[in-house]
Amino acid sequence: MRKKWALFTSMMALVFILAGCEPLLVLDPKGPQAERQANDILLSIGIMSVIVIVVMVILAYILIKYRASKLPDDYEPPHIHGNKWVEIVCVGVPILIVAYLSFVSVKSNYIVESTPEGYENQEPLVVYASSSDWKWHFSYPEEGIETVNYLYIPTNRPLEFKLYSYGPITSFWIPQLGGQKYAMSDMVTTLHLAADEAGEYMGRNANFSGKGFAENTFNVTAMSQADFDEWVDEVHQTAEPITESQFEKLLEPGHLGQMTFTGTHLEFSPAPEHAHNEVSEDAEENQEHSNHENHTEVETDHSGH
Amino acid sequence: MEFFERFAIPHPSPAIYASMVAIALVSIGIVAGLTYFKKWGYLWREWLTTVDHKKIGIMYLVSALLMLFRGGADAIMMRAQLATPEAKLLDAQHYNEIFTTHGVVMIIFMAMPFIFAFMNLIVPLQIGARDVAFPRLNALSFWLFFAGAMLFNISFVIGGSPDAGWTSYFPLAGNDFSESVGTNYYMLAIQISGIGSLMTGINMCTTILKMRAPGMTLMKMPMFTWSAFIANVIIVFAFPVLTVALIMGTTDRLFATNFFTTSNGGMDMLWANFFWIWGHPEVYILILPAFGLYSEIISTFSRRNLYGYSSMVWSMVLISLLSFLVWTHHFFTMGQGALTNSIFSITTMAIAVPTGVKIFNWLFTMWKGKIRFTVPMLYSVGFIPLFTIGGVTGVMLAMSAADYQYHNTMFLVAHFHNTIIPGVVFAMLAGLTYYWPKFFGFMLNEKIGKVTFWLLTVGFVLAFFPMYLTGLDGQARRMYTYSEATGFGPLNMLSFIGAALMAIGFVTIVYNVYYSFKNSSRDIGSDPWDARSLEWATHTPVPEYNFARTPQISSSETFWDSKKNGHVLFKGEIEEIHMPNNSGVPFVMGMIFLVAGFSFIFALWIPAVIALIGIFVCMAMRSFEKDHGRHISVKEIKETEEQLGGAK
């Protein structure tokens, strides 16, 4: 048993040294949602480590104390049925731990499913992120821009991703900004994120979608609102408009580099926001209007920094 | 020509051609060997037509071990491909086929027959029965499993293997995105063996409820029988969901229905829901019998009664109920919102409570015991800390907001291997070592067994613990390659080294069987481990009728009572024993199912219809057959008992 312990500790040490060169992506959050998730993860690792250690200590103690080679030959183990108090502790303590973690879990659910904390007063940037085999299409309806396989986002502003897929179920994931969510062909899902820091982040499809899955990644660049606006202007000056036939071609299975267009495919190939979402669709339109109005507000807000 | 094209493999490679040759040579070898040694008759009489639960158990066991190596070969190829960044060992298509078949083979064709092997071998003996309730149905269950397994395993040489993952999510698994026949294999092979599993579920429930020896109330059943009972109740409720989902998937692929398609009102999320309504109970179908085996082994080698018997039973009942209430945790990220996720997050974490109770009960069973570190006990002792780690990472995954970060990553892969390998695989190997002498008449070598245990344990830790880290570092599962810049390289190399150690460990099992067969003593008596429950009360090897006289039950440890407390196990005179006759119908039906499955996979309608008619003819024949079984005379029983070393 001791051998096993030594092995185990040395192995874990080795693993941490190997991994220790850089912080793990998920535990190196750059946005409020990812931070909440990283905190939950660290909290649960802490509590769970205590449980594992307690079980291991009890096990080691029992194995050392009651191994046959240490006991007299005539020792005959007693017949024990159970003890009410021991069982109450064995049920009660796990219930308390699970209750506490459930409480944290439920609270976090509502946090990650809504506009990031501290960003409630700002209008979100809405980006439609749709996947096709094996690419990502990002449509910025308010800005009238569409990109392929790369995403520019402003920092310190809530981001609302509308996810759907032209094909198999995929999962939109930028580990350092927050957890993933599925993109499916017959409905639109919403993912709330925000970036606190400017920088380049890895984004990918996390859900297996066939042959080109491994390379189904995209680059995320977070920048200040001013830089973002500059980029929007630049795109409008330099990029070509996206056409329906061109978009059809983009959808064909394969890999593409990064591309930039003006206009969005939403105009001729709208997102699958179905009848049962009619109410929210109306809400969307209203929101879009207000977004346009608020856009300037956000800008002034930013120049005030 | 077009007719034959469909049987070609869409993505051939030298490795596949080599396997084709190997399969052909092995088949020829088997046929030639059987003919040369004149064993065809023996094979037919003793195995293909048998309805004896012990022989069926052994056939399950052998199949499970073969499939373990098949799935293991898949695993080592995957780890080798991922050991270095941008490796060229496998291309994306091969990698996708390999991880798909790895998952299906390991769950459906390795773990399932392994637990069925122990249920068949042990349950009738533990309850003092002569066989299962429906012996012929039992044989049919095995042959359906066998047909499914064969069908699935020929996929990579005829027509191509499934490549949409073992979860086979639609629309990826639909015709639009999976054009080869691979997913047809998936649908039909699992369907056929699934029908077999459902029959076993019904059979075992009936056996356990109706055929217990006098005095054995439910709360006096040995723990393995309890675990088998609960697992089979789950089978009866969960497998029909899979059956229906597979039929819908099959008709989507073969008859252009639109259950899971992306157009015409199809709903891709429906498959994921159906799949996991079966899939989550399925993991408890596998783990509960494993828990049962650990309970038997820990109690035997601690020389103590099982601590907290009734809380063990109730925790299993609770787990079986909760297992049906957690399926959504497999896709917290589907966008069902905070409320739904919260509910399923809580139900999932709740399972930790009864599971924790079991862990503590095992610990307290060892407390004040007299612990012998035999090979089965080593596996059980290794299981406790490793499974605890697997369990607590499960609780971490159950925190749905955090799961958005774990989902679809290597963290998840590490978690479920962390529960299945120390949980199920270690239990099966522990059970294999523990029960080997009962069925084969000699012990497996302890020294080699210990080497195996350490190779597997160290290999397991090296192979899977790094995945927790790469998962948190953003390595998605099912990626066939990654760039050097990601930094996943060193940890994946470590995983590969671990996988290689495990591979060596599994090979030592085969060597152990060979070595022990040649060198182990045959004079081991009927109770080599000084065990406690009823299965050890009869002779080794177990006679066809199990017990010459029906045992009288005093407690869940009747045999121990008879050894230590003077309980009289066998009373009265030996009487004639009524046993079922052998039958070739289950085997023939299994083979017809194989033909039917193959024909459906390739849309060969004429043979498909003929095979379906054949199945109904077999069923009709059984209905009109007059077979009342046979009687073993008292004289014959006494002779057998004498041969085995005195009447019991």
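A Cβ is built for glycine as well, from the same backbone N, Cα and C atoms used for every other residue.
Per TrEMBL, the features are:
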- B:15-37: transmembrane segment (TRANSMEM)
- B:38-554: domain 'Cytochrome oxidase subunit I profile' (DOMAIN)
- B:58-78: transmembrane segment (TRANSMEM)
- B:98-125: transmembrane segment (TRANSMEM)
- B:137-158: transmembrane segment (TRANSMEM)
- B:270-294: transmembrane segment (TRANSMEM)
- B:306-327: transmembrane segment (TRANSMEM)
- B:339-364: transmembrane segment (TRANSMEM)
- B:376-399: transmembrane segment (TRANSMEM)
- B:419-436: transmembrane segment (TRANSMEM)
- B:448-469: transmembrane segment (TRANSMEM)
- B:489-514: transmembrane segment (TRANSMEM)
- B:587-617: transmembrane segment (TRANSMEM)
Intrachain neighbours beyond the transmembrane segment (B:15-37), with Cβ under 8 angstroms and 6 or more residues off its ends: 9, 43, 156-157
Positions on the same chain near the transmembrane segment (B:489-514), where near means CB under 8 A and six or more residues out: 65, 68-69, 72, 75-76, 79-80, 82-85, 429, 444-445, 448-449, 451-453, 455-456, 458-464, 466-467, 469-470, 482
Averaged pLDDT score, the domain 'Cytochrome oxidase subunit I profile' (B:38-554): 95
Ranked first among B:98-125, B:270-294, B:339-364, B:419-436, B:448-469 for CB pairs under 8 angstroms with the transmembrane segment (B:306-327): B:339-364
The transmembrane segment (B:270-294) in contact with the transmembrane segment (B:448-469), cutoff 8 A, at least 3 CB pairs, sep 6+: no
